[in-house]
Amino acid sequence: MTGKKRSASSSRWLQEHFSDKYVLQAQKKGLRSRAWFKLDEIQQGDKLFKPGMTVVDLGAAPGGWSQYVVTQIGSKGRVIACDILPMDPIVGVDFLQGDFREELVLKALLERVGETKVQVVMSDMAPNMTGTPAVDIPRSMYLCELALAMCRDVLAPGGSFLVKVFQGDGFEEYLREIRSLFTKVKIRKPDASRSRSREVYIVATGRKL
């Protein structure tokens, strides 16, 4: 019975995916993923990216966000990206493949950042979903906490943090923690996010000293 349910669910997801207007637009425009459109909508409203910025992209593969950011920060900007999965090269993006949860990978990522203070840390990280919120939400929140810890290490005063969060246990506490560190915090649900998904994006600007 479980297998049948999973098969039906997978088939439904595939049908939704390939008929999704953002997926179709991404394919037509030669974009890495539909995530490009999520970030574009956030940028139109919140103006996170400017020419010359240094940006850290966590959970970067297949590269939709990095691909978008390089169009905003220009040739003098820099994107440092990391993902456990491989990612095809993008001009202007320094990509590190590895598990961000591992100490050696985090150390290598921090070495690539160097002494430069980062203007934006963004995380589109998500665990492998089981479909069980009691399992998926804690795993997701753990990744969100790691992304916030990265902010503490590298984000410049006045910098911004963008993170994907799945609403559930721990969400309000995490939101309070972010509000204690940034002057302005908003919750966004871009049109390109699937309506039935629990995902939202926290946009935090003005990192406090």
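Cβ atoms are placed via backbone N, Cα and C, with glycine included.
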Residue in ASP40, ASP124, ASP136 which Swiss-Prot records at the S-adenosyl-L-methionine site where GLY63, TRP65, ASP83, ASP99 also bind: ASP124
Residue with minimal Cβ packing [other Cβ atoms within 10 Å] among the binding-site residues ASP83, ASP99, ASP124: ASP99
Residue pair TRP65 (S-adenosyl-L-methionine binding site), LYS164 (active site, proton acceptor) - Cα distance, angstrom, rounded: 12
